[in-house]
Each structure stands twice: as C-alpha cells, then as structure tokens.
C-alpha cells in the first residue's frame, strides 16, 4: 500500500510530455493574481474611497508611504501584464482547440468577464479625469436597456450622476470580487485536471505522460521569471507606460476630455462599441465581443482538434489576431476619419472569424474526405 502511495506522489499530476511554452501562461496568471491581491491589499490600507480625497490618497501613497510608489506601479503594470497573459492564454486555447473541453472553456470565459469587471472598477478608483469620464460613458450604456435601463443606472450610481456612493461601491466591489476570482480559478483548475491538458498535436496524451514536477514546473518557473523581470524593468524605467496622461489630473465633471478611452486592455471591446452608431446596438456588440467566445465549443466542425494541421484555419486565426491589434489601435484614436471606417471594418472581421471558423472546418473535412 505504501508503495502505491509513493508512486502516486512521485507521479502527481501527470501531464503530456510535448506541451509547449504556450501552456505556461496558466501558472503566469496565477502569479499575476497573487501579485495583484498582495499589492491591492497594501494599497487599500492607505486608499480613501471619497471623491474629495481619493485622488489625494493615491498621490499620498505614491509620495509619502514607504515603497508606496512600488506598490502602486506594480498594481497598475501588473494589471496590464495580467491581461497580456490572459489574452495569450485565450489565443492559445483558440489555436489548439482547447475549447472542446467545454467545462474548462466556459469557466474560463466566466473568469474573463469577472476579471474585466474587476479591472473596470479598479480604473475608476484613482478618481482622475479619465477614470471619471470612462466610468460615466461605460455605466451610461446601461440606459440602453429597454424599460429598466434608467432605473438600473440610477441604482448603480447611487444617485442621478456618478458621485461619492458610486466610488464607495466600486471600491467595495473591486476589493471583494478578486476573492470570487480565486474561487473561479480553483474551479477552472480542478475542471482542467479532471480530464487533463490537451497538447499541440490535439491528440490523446495518455500513452506519453510525465510528472508535472520537476519537468513542467521548472519550465513554468522560467517563463514566470521572464515575466517578472519584464514587469520590474517597466516599473524601474517607464512606470507610466500604460497610464493615460489625462488621469494625472483630478476628476472634473465640468471639463470633458477631448478623447475618452478606457485602459488599453478594454480598447478592442470599446472599439467595437464605437464602430456602431446606435447605442443599443453598440452595447450588444460590446457584450458579444466577449460572450461570443462561449460559442466556440458548440461550433467546432472540423475532424481535427488543433489548428497545427489546418492551414486555412491558421490564416483565419492570424487574421483575428491582426484584427484584435488593429481595433485596439483605432479605439485609442479620436472618432474621426479614417479611424471610423477602419474600426467598422475590423469589427466585421472580428465577428466573421466566429462565423467562418465552422465553415472552414466543414470545408476542410470535405477536402480530407476526397483524398
């Protein structure tokens, strides 16, 4: 009996031997989450959720609190790193057909939506000029909901405009939701290891598995170290790389910025929102830009799981990546030609991937059957 237990421990979490570096982003995300919760806790100690004091409290943290500037910048840059890792993680899932493990994919999509909500609440907290106006624009989209829109918006704001109650509840939500993210992440990991990881070939790994530790754990440590080195280089040399210049001014409801935009990691969804002139249509497109990921397990038609051996699907995938980057770029620009037409065109390309992918799978099946 003891020999069986020893064998179990030494072979704890068997993993396919051929999984590549793209499989390391899960552990990198775990490190990002830990970093965000730790720095967030120390920032919350000194932060004041009041519209008259919030901006000053952030300045106080940066200037007066010992190592406060490190905590504040780590939290800001860490959020960007988090989204870089999660978008890469999702892209890997799309490329290698990991969405066919439905429970893992759907729990991951839920995690993404929760993360985006948390990041949005956090962006409002410094109460800078861009924080205030981005919050006003995004929360105002709720008024597009027929019949209930205005009531829901007033309830969320805690009044008839964004004010002190709004900031207080956004701070409360930004503090509490990360604990829900920890729970969802645990569920995501449990569901994944219930069936086991896929591999770049999209084949069954049961005949060729090795223990996660020490083989893959060292591989994870390497990429995580590179990520942390990059994080600290940005922190040391260009700490304001991801910040908006407008956000260094205190929120002023009487002055509207020339160009309102959220953080860079929301720009793809914001670009899709802006490309549609109708408010309700834009809001639905914004929601669908993320929710459409949930359709992937149900629209896979190809006999082959991974895109490794699907050249047509690969072309569509890299078009999606190029589209994602282009939408992000256009959304950071003012609403004027040629950015309007570029944004509208790329939005069509973005959604067309989710329509074309099953059609391509069906076409590839036909080609394979003929040979």
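Along the chain as shown, the residues are counted starting at 1.
The backbone N, Cα and C atoms fix where each Cβ goes, and this holds for glycine too.
From the options 218-238, 239-259, the stretch Swiss-Prot describes as transmembrane segment is 218-238. When Swiss-Prot is compared with the stretches 144-164, 312-332, the one noted as transmembrane segment is 312-332. Here the transmembrane segment (280-300) has Cβ contacts under 8 Å with residues 90, 94, 97, 99-100, 102, 105-106, 109, 112-113, 116, 141, 144-146, 268-270, 272-274, 347, 350-351, 354, 357-358, 361 of the same chain, all six or more residues outside its ends. Segment contact is absent for the transmembrane segment (218-238) and the transmembrane segment (339-358), given fewer than three CB pairs below 8 angstroms at sequence separation of 6 or more.
Counting only the Cα atoms, the space from residue 75 (heme b b562 binding site) to residue 193 (ubiquinone binding site) is about 30 angstrom.
Most Cβ pairs under 8 A with the transmembrane segment (170-190) among the ranges 25-45, 69-90, 105-125, 339-358 are made by 105-125. Listed in sequence order, the residues of the same chain lying 6 or more apart from residue 188 (heme b b566 binding site) and placing their CB within less than 8 Å of its CB are 104, 107, 108, 111.
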